[in-house]
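A.B. asks: Input: one structure, supplied below.
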Amino acid sequence: MPVMPDHWIREQAVSNGMIDPFVETQKRDGVISYGLSSYGYDARVADDFKIFTNVDSAVVDPKNFSSDSFVDRKGPVCIIPPNSFALAHTVEYFRIPRDVLVICLGKSTYARCGIIVNVTPLEPEWEGQVTIEISNTTPLPAKIYANEGICQFLFLQGSAPPETSYADKAGKYMRQRGVSLPRL
């Protein structure tokens, strides 16, 4: 599965709407970088966040998830408490081609501050805004900047399309917008 280069990403974004909105050059001055890079695309985090709280002494249960576990915040920055976690989503909406799998990695700027980003792979023919899991592994509050880079997506093209895509399975996170909480 080769990693796809900038010109392929640009062509897919412009001609097929793979990334919308698409930033054709990497923005770097005074911000955490975002936009097209040599072999990937650095996505931005939107300005609405769900921050974990334990006010009600809740238990996190992926099979019986309660939105009471979160405090909603909207703004140009998000402060994640020490050793805590937040959910956010990309500004960009992705439409993944049938023969492509997308892997996400965190930005080194955040990782060097103890802020870890996790996103599961974007499967063939999945589309939507990407829900991003952000962990603050430090004993200090951590600041996340909305509308700036949060993670990098790498596009891997398979040798052939899969027999069954995410769209074929009618996946539960298809066409999500905003932050999507766990679903069964």
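The count begins at 1 with the first shown residue.
Backbone N, Cα and C define each Cβ position, glycine as well.
The feature active site, proton donor/acceptor is assigned by Swiss-Prot to E133, with sequence analysis given as support. Residues or ranges marked as dCTP binding site in Swiss-Prot (evidence: sequence analysis): K107, S108, T109, Y110, A111, R112, Q152, Y166, Q176.
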A.B. asks: Since the record lists T109, Q152, Q176 as binding-site residues, which of them has the fewest other Cβ atoms within 10 Å of its Cβ?
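C.D. replies: Among the binding-site residues T109, Q152, Q176, the lowest count of other Cβ atoms within 10 Å belongs to T109.
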A.B. asks: Within 10 Å of the Cβ of A111 (dCTP binding site), how many other Cβ atoms are there?
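C.D. replies: Excluding its own Cβ, A111 (dCTP binding site) sees 13 Cβ atoms within 10 Å.
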A.B. asks: Would you say which of the recorded positions K107, E133 has the most Cβ atoms within 10 Å of its own Cβ?
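C.D. replies: Sorting the candidates by Cβ neighbours within 10 Å, the top entry is K107.
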A.B. asks: Rounded to the nearest angstrom, how far is the Cα of E133 (active site, proton donor/acceptor) from the Cα of Q176 (dCTP binding site)?
C.D. replies: 15
A.B. asks: Can you tell me how far the Cα of Q152 (dCTP binding site) sits from the Cα of E133 (active site, proton donor/acceptor), in Å?
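C.D. replies: That separation, Cα to Cα, works out to 14 Å.
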A.B. asks: K107 (dCTP binding site) to the residue listed as 'active site, proton donor/acceptor': how many Å between their Cα atoms?
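C.D. replies: Distance between the two Cα atoms comes out at 13 Å.
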